[in-house]
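Chemist: Among the features that Swiss-Prot reports, S-adenosyl-L-methionine binding site is placed at 74, 79, 125, 126, 143.
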């Protein structure tokens, strides 16, 4: 499976060292093992999970510097927060989901892999925004969570003055961006060029929508 992962990473333009891939594959195996007991994901096939969970989550990694403070909203079983943290260990990551059992799993993974600078917290984003500094995060990510309009409303108070929202979308990403154009301008953000890609096994279409605060906001 190590060679398989390396091959697929190459096909999305990403290269990771063997120890990093080993940790990613351990996480994948552990997620599928726990899934038999507590229903973390609807995907049970390892090859499918490799592509649609692990590889999909890693598509965002080339957009990250590696030293940022990142919030992952609605992270579920730790997607994309845990693959991001494994691939970019210098990042400080807060992973948030409202489902307690999924956070328990993430905390287990963090302990086993000794992920320093990673916190998994069971709460709603709305309550988080009341307790965190308004300029806390360099990056907010969300994978297949909700409409871009809602994502921007949730992320805006949690991003610093150079912060970015990275919304991991399917083929509807471009349409959602167009629908939110006025809201984006009013909030003081600008959209970076869309990144379209296809997952290498299924051909499933993905769109990375990146919204960045305008300078001086």
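Count begins at 1; order follows the chain as displayed.
From the backbone N, Cα and C atoms, a Cβ is placed for every residue, glycine too.
Predicted, not measured: the structure shown is a model, and the values here were computed from it.
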Chemist: Can you tell me how spread out the S-adenosyl-L-methionine site is, meaning the largest CA to CA distance among 74, 79, 125, 126, 143, in Å?
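Modeler: Comparing all Cα pairs, the maximum is 20 Å.
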Chemist: Sort out the sequence-distant neighbours of residue 74 (S-adenosyl-L-methionine binding site) for me: same chain, 6+ apart, CB within less than 8 Å of its CB, listed by position.
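Modeler: Expected: 96, 97, 98, 125, 142, 143, 145, 146.
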Chemist: According to DSSP, which kind of secondary structure is residue 126 (S-adenosyl-L-methionine binding site) found in, if we only use helix, strand and coil?
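Modeler: DSSP assigns residue 126 (S-adenosyl-L-methionine binding site) to helix.
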Chemist: Same chain only, sequence gap of 6 or more: which residues have a CB within under 8 Å of the CB of residue 126 (S-adenosyl-L-methionine binding site)?
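Modeler: The list for residue 126 (S-adenosyl-L-methionine binding site) reads 154, given in order along the sequence.
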Chemist: Non-local Cβ contacts of residue 79 (S-adenosyl-L-methionine binding site) (under 8 Å, 6 or more apart, same chain)?
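Modeler: Listed in sequence order, they are 53, 56, 57, 143.
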